[in-house]
Amino acid sequence: MKFIAPAALLAVLQAASASPVDIRTSTTGLQVTLSQVDNTRIKAVVQNTGSQEVTFMHLNFFKDASPVKKVSLFRDSMLHPILSSCNDEVKFEGIKYRVQSSNLSDKVLTSLAPGASFEDEFDIATTADLSSGGPITIRSQGTVPLVKDRSIKGRIPYTSNELTIEVDGAEASKIGTVGSKVKRTELSGCSGDRGAALETALQNAVSLANKAASAASEGGEAFTTFFKDDSSSTRETVAARLKAVAEEAGSTSGGSTTYYCTDTLGYCEQNVLAYTLPSQDLIANCDIYYSELPALADTCYDQDQATTTLHEFTHAPGVYSPGTDDLGYGYDAATALDTDDALNNADSYALYANAINLGC
């Protein structure tokens, strides 16, 4: 893992241009209706189908202007036999990030009364390579963070219709993914206060990840709280990913990732702590990583710099493949996941490492 100062990056475009609440019932949630606008441009109408007003954080969801994963894309091998096996998911090439769990700004919150809706248009070619064209099936489901008193207090489920479109590959290639538009020139390492803070965070991440890996190998109450299953295979999977994170965090001149001290690509929205571009194994910290987070938390399940760095490392497939997603932010949402989703959730590892470190 190499860490880089902001001045060392030339990011340019290529010439191509209180009590936890868990709303999880079949009659309550958000319904997403997907439709095609033009080729790879998609419109989503998000409606509150429940009987009460809800407020949620729309970061990493529809209405987020950054290239986040709003939908899943699939190819059918019967129609595209050379490129994929049956119903293969198209690789996501956008960004993933960790957000603050409290002190949330109005700018990242959406409130919907019963029956109310909002629209969002986005281009799926910015987060997936669709240059080969052909039929693509699109759908979306998951949960979005429920917010009360400006803090994440649970989750709201959402689901969509299934939409199949015919993609013009030549047109899609003109859009290009986020990763394809990034050129990097590495000139020097992080320096100053931010460089020192990141070095400390990396050292702490090594310690936390190693402790958590050892604890995961043994299982126990904290393990089942986050990962539900105490089987040897689950313990081995968690331990292996955490060991890989420790190894990567301890390698500041090599490894698989490049770590930037500041927002190199311009995706640090309000309340975003750090982000990862998995297709490039690139990680970048945002300003509030330094201004809002302590080096290490002294309270169970609070956020800090070390676990935020650990969170981002789990997103990077170069550290441990496949990289994780963001399926549940914060303790309430993370501990409500089943085993499969917990193993694929970045915050589950970060929160578990915090729990082991503090003896929660």
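Each residue, glycine too, has its Cβ placed from N, Cα and C.
Among C190, C300, C360, the cysteine that Swiss-Prot records as disulfide-bonded to C261 is C190. Binding of Zn(2+) is annotated in Swiss-Prot for H311, H315; the matching candidate from D298, D326 at the same site is D326. Reviewing C268, C360, the cysteine that Swiss-Prot connects to C286 via a disulfide bond turns out to be C268. Candidates N103, C286, H311, E312, D326 (recorded positions) were compared with C261 (disulfide bond); those inside 10 Å Cα-Cα are C286. If you compare Cα positions, C268 (disulfide bond) sits closest to E312 out of the recorded positions H311, E312, D326. In this structure, the CA atom of H311 (Zn(2+) binding site) is 20 Å away from the CA atom of N103 (N-linked glycosylation site). Apart from H311, H315, D326, the residues listed for Zn(2+), the same chain places the Cβ atoms of K96, Y97, R98, T276, E312, T314, T324, D325, N345, A346, D347, A350 within 8 Å of the centroid of those Cβ atoms. Ranking the recorded positions E312, D326 by how many Cβ atoms sit within 10 Å of each one's Cβ puts E312 at the top. Ranked by Cα separation from E312 (active site), the recorded positions N103, C190, D326 are led by D326.
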